[in-house]
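Record features (TrEMBL):
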BINDING   A:ASP462, A:ASP468, A:GLU471, A:GLU472  Mg(2+) binding site
DOMAIN    A:40-155  domain 'TRNA-binding'
DOMAIN    A:409-484  domain 'B5'
DOMAIN    A:709-802  domain 'FDX-ACB'
Amino acid sequence: MLVSYKWLQSYIDLDGITPSDLAEKLTKAGIEVDGIEMPGEGLKNLIVGHVLKSEKHPNADKLNRCLVDLGEEEPVQIICGAPNVAAGQKVIVAKPGARLPGNIKIKRSKIRGEVSNGMICSLQEIGFTTKVVPKDYADGIYVLPEESEVGTEIVPLFNMDDAILDLDLTANRADCMSMIGVAYEVGAILNRQVKLPEIKGRTSAERASDYIHLKVETPQDNPLYTAKIIKNVKIGPSPLWLQTRLMASGIRPHNNVVDVTNYILLEYGQPLHAFDYDRFGSKEVVVRRAKRDEKLTTLDDVERTLTEDHLVITNGIKPVALAGVMGGADSEVQTDTKTVLLESAYFNGTVVRKASRDHGLRSESSSRFEKGIDPNRVREAAERAAELIAELAGGEVLEGMVEADSLTIEPVKIDFELGKLNKRIGTNLFVDDVEKIIKRLQFSYQVNGESFTVTVPSRRWDIRLPEDMYEEIARLYGYDHIPKTLPMDVSFGGLTPYQKKRRIVRTCLEGLGLMQSITYSLTSEEKYSQFAMEKADPIELANPMSEAHSVLRLSLVPHLLDAVSYNLARKNKTVFLYEIGSVFYSKGKNCQPEEREHLAGAMTGLYVDHPWQGKKEPVDFYTVKGILDVLFEKLSVSRFITYEKGQLDGLHPGQTANILLDGKVIGFVGKINPDMEKWYDVKDVFVFELHLGELLMKETDELLYTSIPKFPSISRDIALIVDREISAGDLQRTIQDAGKDLLKEVKVFDVYEGENVPAGKKSIAFTLTYYDPERTLTDEEVVVEHEKILTAVKDAHGAELRK
Amino acid sequence: MKERLEQLRKEALEHIEGAKDLKEIQQIRITYLGKKGPITDILRGMKNLAPEERPKIGALANEVRETITEKIEKKWKELEQAAIQRKLAEESIDVTLPGRKMTVGNRHPLTRVIEEVEDLFIGLGYTVAEGPEVETDYYNFEALNIPKDHPARDMQDSFYITNDLLMRTQTSPVQARTMEKAKGKGPIKIICPGKTFRRDNDDATHSHQFMQIEGLVVDENIRMSDLYGTLEYFAKKIFGNDRQIRLRPSFFPFTEPSLEMDISCKICGGKGCHVCKGSGWIEILGAGMVHPNVLRMNGFDPEKYSGFAFGVGVERIAMLKYGIDDIRHFYTNDVRFLHQFFQKD
Ligand SMILES: [Zn+2]
């Protein structure tokens, strides 16, 4: 809502309050002022000129050479490029020395050899936006009314010596979508009285009811419809004071009738519509729901196809307006209109909203109905508008108002106690303090001891509960006067064990070199199932903004690969990322999906990079696996974790492992395959993903100290020759199982294929460490254990000791 | 005899002085002081001397031996030091060459902000509650006093999956779920961080996915002044003690009274600049007293209980705190961006 400071003064005394004071006070009271515009600021030397002569520029087709009277001794020559300039016009002239918006300075100059003593201006050139410039002058200079006096200053003439406050209204404060509403609010803030417009009520002898009949078929959609008739109007431009008020409020002037309806909409917040009575097509207004596929061409010349959801005004035969949203083109007020049928009605906000949404039509009118108008102003606004039309367009208002009224307005009464108010706000107000505030709001009330009963005026439909009154009182008392306290309970905060462990996961991975990233939960149809550990149906958005974010993801890896790709394209060659986020498994069409918290990572580049010492180690499968091993140790789940050779679409078939927790697959680690490398435009990327939820929910032992070894341990190295396919993990497990009691540790220290090892075989060397916490082991005991192990690996894997 | 001893002393001292390394010194020691050395010889030959000569010569011999021993010790130490110095000189390196830095990652700036806020409120006795990103219409809207066709739904253009399921537009559904679970018994003191979604085109100031932190306190006798005190504590802890705060009345369907909080602009100190659009204030959060309908709908008696709630945008805090100018940075994960949040505040 744009509010003209000058115009607002018609309703309330703003003495001693500057526009910026007003903005600050409004903002602190809850009506946020987004900005103040001073349209006339910096403008000077702009006056009314009279074009005496206009002819083609001798050296330029598109220019005109004009002789303009500026009220000085001699008329001056001005070159003008506007196509609509003509002799006899009163125009806006920027004299040499003038300043225009954007700090443009006008100088006496020569244009194609001809002297130009200034510039004839369009409204845009003096600062109005094209949106509000009357259509006739949108592409040329503005032509002032004939009676304008030559030499008059433009800034005051156009009411540009004003301040326009841009109010950013919250949804509940629709009452401030009118000048009178704003005046009440300012009155409450400043403790000053509101002056309402005077309505004289002069009418002709003829009765409106002889001209028009009303029928509302769906009173729940339209509880009140009123019609007035104004006869013998003469359509023309509105006076400048009216046009400039509209333009200041962001509305384009049209003609004296339409402008009045818009003016009253701004003044009272009551949307009105003027029909050309003779073009209406009947003497009966019928308000009803549209029929399916009924057509209506609206004022903007668009043919609209309607449904039963839309409320229409009809002439008994066909729709002539989309109720509360926009009028029809056929019954529009035109230059030859003689009689006006003026509609002032109260339409249900929901039905207006539906129509405005379905047709993509947001109008000043629809937005007011949607947010709620004051039902008690419907008639008053109609009377005032009719009178103003008669005044400006020279017609006469017929007697009476034709109505279809099924509206009941119950006065809203709110009871509340002073004690409760103070208890909720934390203040220590007295009856007297509260009374003063209610008076400022101009609400009527009764007070009995410390009990209040307030009657809320219908313009404030947002106030229904005691809490709403608490807010009114608190905001006018001033939020910044409320004391600052803290809740007085005693409670103990903290993270859950799960949340704590999640932070440990972050810290651990970061310590190992990975950076946390956050990517989108929504992905594309193509990517949603990539790297998914389990297949599932897509969960699709019904109304996505783009295909790239239209389906919920099943894996975190695709967006991590996008991030890797983004980085590689920017020459960030080493990228180690991890993410903790949700993936979404469908549980059926109308059920909330299962959200699993996953942990994933993507790594590429050099894990060790000390160039001047010649040490460079690219990330490989074992780097990533090692990182996970550290993480599992940190979470004390290592002994429940195993790896097995795995397979997953998108991963290298030879470099992928499943990660198992208690024998159940909870994740994978591997290198992405060439197809995916191509798809994402990356190279040598290793990824992992884990069902973090399951990992962190695993019950683990408490941390307890185990004593430091008191006796020496004995280590033995063995190298085993096995078939190439035998995995180190299997061998290790066999060794561990066989050497259970005394074998403390098994470590791979060498893997070898080639010379001295038969074809199809490989050599794997282990260091076995034996230890007994109770005593020093003897060589003989170790030999016995060692033999057991060698027998076991031979039996299980055909392993031979390498000589 | 005497001359011989003096001669020996002189000779030995010259040798010692000229010794070049520890090995040479060792040789000198053996030569002069060893069992077969000249001094031992002399002492052994004392029996051939006249008895009155013996003490004199004996004393002199001992003195010569001591002098030599002393000198050897001294020289030994000198040479040892020199050897160490030489070795150290050989081992000297260019200490200005770069160190072998370990690769260490770090938190995402949004997580950094969230954990900071979590810890702040944990200190005030809050716990951290979480909820699903895909919500039902009921928890996202209806339980928060936003029935179907409520004009407030205009404020949030949402991603729907079905008529009843949507990407949550706020973290407030976690409040509703927590209240429902508490079955009408307070106190509740929670802070709820999480991802939220709105139908926006991604640009410098909009993101279809963003993060919010909500706080909720429900108990007997919770006052608006408690909210004010809590918010001031939060703002000063996060943005610094020198920042002023301002509350403005506002509107949210789930709170009444409602407010928005501004903090004084850091750039201009409140005088007005382009960052604060000339107002001197920057909006940072919305809050209010829990609407009685919300309490009632989620099983609390609004006569007995009251509460407050607040919600802040995590990106907004991070952008203000670290001076980030484009919200998309948070989701592109450029490592040159992420790594900047390695260092402490
Ligand atoms: Zn500023």
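Just so you know, glycine gets a Cβ as well, placed from its N, Cα and C.
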My understanding is the cutoff is Cβ-Cβ under 8 Å with a sequence separation of 6 or more in the same chain; which residues meet that for A:ASP468 (Mg(2+) binding site)?
A:ILE414, A:ASP462
Work through the binding-site residues one by one (A:ASP462, A:GLU471, A:GLU472) and point out the residue whose CB has the fewest other CB atoms within 10 angstroms.
A:ASP462
Can you count helix, strand and coil residues in the domain 'B5' (A:409-484) using DSSP?
34 helix, 17 strand, 25 coil
DSSP-derived helix, strand and coil totals, residue by residue, for the domain 'TRNA-binding' (A:40-155)
11 helix, 54 strand, 51 coil
DSSP assigns the residues of the domain 'FDX-ACB' (A:709-802) as 30 helix, 32 strand, 32 coil
Across the whole of the domain 'TRNA-binding' (A:40-155), what does the mean pLDDT come to? Round it, please.
92
